[in-house]
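Features of the protein shown, as given by TrEMBL:
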type: TRANSMEM; residues: 43-64; note: transmembrane segment
type: DOMAIN; residues: 54-431; note: domain 'Cation/H+ exchanger transmembrane'
type: TRANSMEM; residues: 76-98; note: transmembrane segment
type: TRANSMEM; residues: 104-125; note: transmembrane segment
type: TRANSMEM; residues: 137-159; note: transmembrane segment
type: TRANSMEM; residues: 171-193; note: transmembrane segment
type: TRANSMEM; residues: 205-227; note: transmembrane segment
type: TRANSMEM; residues: 239-263; note: transmembrane segment
type: TRANSMEM; residues: 275-305; note: transmembrane segment
type: TRANSMEM; residues: 325-342; note: transmembrane segment
type: TRANSMEM; residues: 354-377; note: transmembrane segment
type: TRANSMEM; residues: 416-438; note: transmembrane segment
type: DOMAIN; residues: 491-625; note: domain 'Cation/H(+) antiporter central'
type: DOMAIN; residues: 635-793; note: domain 'Cation/H(+) antiporter C-terminal'
Amino acid sequence: MDATNISELSEARQRAAGMVCYAPKMILTKGVWENENPLDYSVPLFLVQLLVVSCLGRVIHLVFKPFRQPKALSQILCGIILGPSILGRSSFIIESFFPLRSVILYDTMANIGLVFNLFLVGIEMDIFHSFRVEGRSIAIAVVSMILPFAISCCTSYILENHIPKELNNGKFIIFLALAASVSAFQLLSRVLVELKILNTEIGRIAMQSSFLNDVFSWFAVIIFLVVAKNDNMSASPVWVIICSVAFILFFIFVIRPALWLLIRRTPEGKSFSELSISLILAGVMLAGFVSEVIGVHAIFGAFIFGLVIPSGPLVQVLVERLEDIVTGILLPLYYAGFGLRAKITRSGSPYNWSIVIIISFAFLGKAIGTFLAALVYRMPLRDAATLSALMNAKGLIELVILNQGLEHEIIDSTSFSVMMFATVFTIGITIPLITIIYKPSSKLVTYRGRAIDKAKSETELRVLVVVQSSRNVPTIINLLEASNPITGLPLCVYVLHLAELTGRASAMLITHGTQDKGTAPLNTAQAQSENILQEFKKMEEQNRGMTVQPQTAISPFATMHEDICNMAEDKKVAFIIIPFHKQQTVDGEMTTTNPEIQKVNQRVLENAVCSVGILIDRGLGGISSMAGTEVAHHIAVLFFSGPDDREALAYGMRLGQHPNNNVTVIRFVPGKQAKLESEYGHLPRRSHRPTPMDTEKFLDDDYIREFKLLEAHNESLNYAEAVVNDSEETVAAVKSVDKIHDLFLVGRRQGVLSNLTEGLTEWSETPELGAIGDLLVSPDFPAKVSVLVVQHYLQ
């Protein structure tokens, strides 16, 4: 058997459909000891195929991983290498590992993997609550599909003389235009996560637009295939469409409520029964079967079933059960199958060039349409160009469409190969192209250096508050209300509730306030998020001059800091408040809630482009929040030296402008012995040129002078000095601070060396708090009060 025959795998499928011979004893081998070749039997041969595809695909992915290419590209390239284009030119390899007799079993398992993968994709799309579509996303999705479709149709019509006569020109033109105008929602979500722009404005628009494009494409392809399979004027296409709509409605209004009932009957924290999971997995296969009976692809039923499954613990269980086996073993068979069917030819026939021209024009049409639509909505030029590249991303849906066209003889093997290679090329260049176009650094130039001290002269202070759990809410609300003076200094609060990504393959950012009133939460996590954010909205209603904008970010712990930093950058906030990874227990001890939160906090401190405060919650003002007029706090600012301490003092001065707050600044001044030790060993200076230490001291004195001016006109402000010579005296002085205070403000003092704190960090378990912050939260510290450790942003 030569390579030419092997390249016609589509014809082999058609011939296989008419086979009547059956060898029941050629399924399992008796072993090599019976002089049998295991590769002559179905099961051993399939296991070898599975092993080869999985291992080779992994190796190729390791090669392309530094270039941040998706796994789908590696798996398709795996098929190309094994297919008639490269290794398949050897008749020995083809006859031994991928003979024609194995086509039916291979394709069956690959399509089973595709069915369950589309089920997982449906689970990934939380369209019933989280997915709020903007008007501009709808416009971009429509334009980015209609324009390339129209351009492809026109170009195909002009070049129709080069289309083989055995193909139906009308069907071929429409199908080619449909395949060229789609976007890849699933691949795009991975690209956005990889480029760390998922939760930015451009990422949100791209996700919504590609999702709508996918939906339009699916329905257009389904309708087209139904009509294409019925050349006569029968009523079957109408019935297929009617049954498909009824199928969707049945799953929304019958299956989804039944799943809700299952979730509610499962106690929180308890696992779902094996019977429940088995019924759901059986439902995937039943949904696929019913959709095949209706006259559409089995993936349609599996996808709809995935869409109606409520987000939450059930999704997490299903993904844990399916994701590894589906995406790691079965789906690579489907992707590799495209490479096995494609063949690289040296022929530069007008037909091949016609397809390339059509695809190129469609690519340009989609890019231009998306770019113009983005400009209409006043997006920056660079963002509009990035969105154009994102919307041209291709992936699974286009490959499925091509496969359907080949199986229904709408396109031939030549056009299939050309379009498949075009898809591979598009997948490969997407991330590098976007990396070149999208330059977020230009956005940072105008933003770097935001801090509380730099925002003092502005009329509005922007603060980003991060919430991990409902236990953080009362203290954070009391702190924000204490930060909102009744005088004309408005406070803009962006609340970001962080939820760990469980069960979803793609992170997402949910903007609250657009949901319908009275809508029930989808799950426990959603209910907690709504309750948390409702508390902040209530705070907004009770405080004049304060605005609150709540959002929820669902992402893995490894990328949570990116959500925080990106939002701070987008909203141009001056201060981020993040919760400490430990919480106080009933007996007053601090216990770790989740060690991953500590890593998130450390990454935020390293990457944030504004000032950051870590809030150690010890019940500021009690376990419940208070109205703004009831705020009454005694606040102590421990001031040593350096930019972090000055930033803490700047925040303390804002707190001091609230009429019910009492703020005391305690400056720790080096004694004579400390001054001598700091100067010991240094040669006398020959010039009076100021040193960095002199500059820092000048800035410290300037801030203290400003606070003293405020103190002269405000009885609630107090200033005191503590003279200390070493770290032991510093610890004693801090412990002796008046016990009436319920909040300490202290700088992290990153990179600041001082005899006053020398040796305090050697045994520290929380370096993100600095020497003094770690002391205040240690079990040895007598007062159990809330602490805010502040880090000033330094360029």
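Positions of Cβ are set from backbone N, Cα and C atoms, glycine also.
Contact check: the transmembrane segment (104-125) against the transmembrane segment (416-438) gives fewer than three Cβ pairs closer than 8 Å, residues 6 or more apart, which falls short of the contact criterion. The stretches the transmembrane segment (205-227) and the transmembrane segment (275-305) are in mutual contact, each linked to the other by at least three Cβ pairs under 8 Å (pairs 6 or more apart in sequence). Within the model, the domain 'Cation/H(+) antiporter central' (491-625) carries an average pLDDT of 77.
Looking at which of 43-64, 239-263, 275-305, 325-342, 354-377 has the most CB pairs under 8 Å to the transmembrane segment (137-159), the answer is the stretch 354-377. Within the same chain, residues 111, 114-116, 118-119, 121-122, 218, 222, 225-226, 229, 236, 239-240, 243-244, 247-248, 251, 255, 259, 262, 266, 314, 317-318, 321-322, 400, 404 sit at least 6 positions outside the transmembrane segment (275-305) and bring their C-beta atoms closer than 8 Å to a C-beta of that stretch.
Long-range contacts of the transmembrane segment (325-342) within the same chain: residues 7, 9-10, 49-50, 53-54, 57, 71-72, 75-85, 88, 98, 106-107, 109-114, 116-117, 120, 399, 402-403, 406, 413, 416-417, 420-421, each at least 6 residues beyond the stretch ends and with a Cβ under 8 Å from a Cβ of the stretch. Counting only same-chain residues 6+ beyond the ends of the transmembrane segment (43-64), those with a CB under 8 A from a CB of the stretch are 27-29, 71, 73-75, 77-79, 81-82, 97-99, 102, 105-106, 109, 328-329, 332-333, 335-336.
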